[in-house]
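Q: Let me begin by handing over the structure; questions about it come next.
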């Protein structure tokens, strides 16, 4: 697994979204974009993280950032999750985890003594020119948005 580093070009992607459209990273050119990867919609940690992004979206947008969340979940599950939690940013479906792999957010995980391949909770910030400005891997769901805001100099 190759992780992205600041200064690298972020891999472009086009994925199906919760609003029945497709969303491409290239569509965000000209503004900074927070691309966060989470393992599974409607689970406790992922719900906490998504709701933290929801609750901080206005301040992130005021600072010039767009937010997109990516998981391997199918679009119908993401739509239910977005509706249940009143999420106000796009959730994208990466069922074959190709985008997660390209971003270094798919790899070996350990849980309860078992090793397996899965999505690694990660956040990559892409600048207006499509370059990685920040890449964080194995982040904690709780408190991540506050830490990210500090790391971006927003708080």
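Even glycines carry a Cβ here, placed using N, Cα and C.
Just so you know, TrEMBL annotations never went through curation; they're auto-generated.
So TrEMBL lists these for the protein:
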| type | residues | note |
| --- | --- | --- |
| REGION | 1-20 | region 'Disordered' |
| DOMAIN | 4-155 | domain 'Thioredoxin' |
| ACT_SITE | 46 | active site, cysteine sulfenic acid (-SOH) intermediate |
Q: In the same chain, who gets a Cβ under 8 Å from the region 'Disordered' (1-20) while lying at least 6 residues past its ends?
A: 26, 35, 70, 75, 78-79, 82, 87, 90-94, 99, 101-104, 106-108, 124, 126, 130-135, 137
Q: May I have the DSSP-based helix, strand and coil counts for the residues of the region 'Disordered' (1-20)?
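A: When I sort the residues of the region 'Disordered' (1-20) into the three classes, I find 0 helix, 5 strand, 15 coil.
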Q: Where does residue 46 (active site, cysteine sulfenic acid (-SOH) intermediate) sit in DSSP terms: helix, strand, or coil?
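A: Residue 46 (active site, cysteine sulfenic acid (-SOH) intermediate) sits in a helix per DSSP.
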Q: Counting only residues 6+ apart in the same chain, whose Cβ is under 8 Å from the Cβ of the residue listed as 'active site, cysteine sulfenic acid (-SOH) intermediate'?
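A: Correct list: 38, 39, 40, 71, 141.
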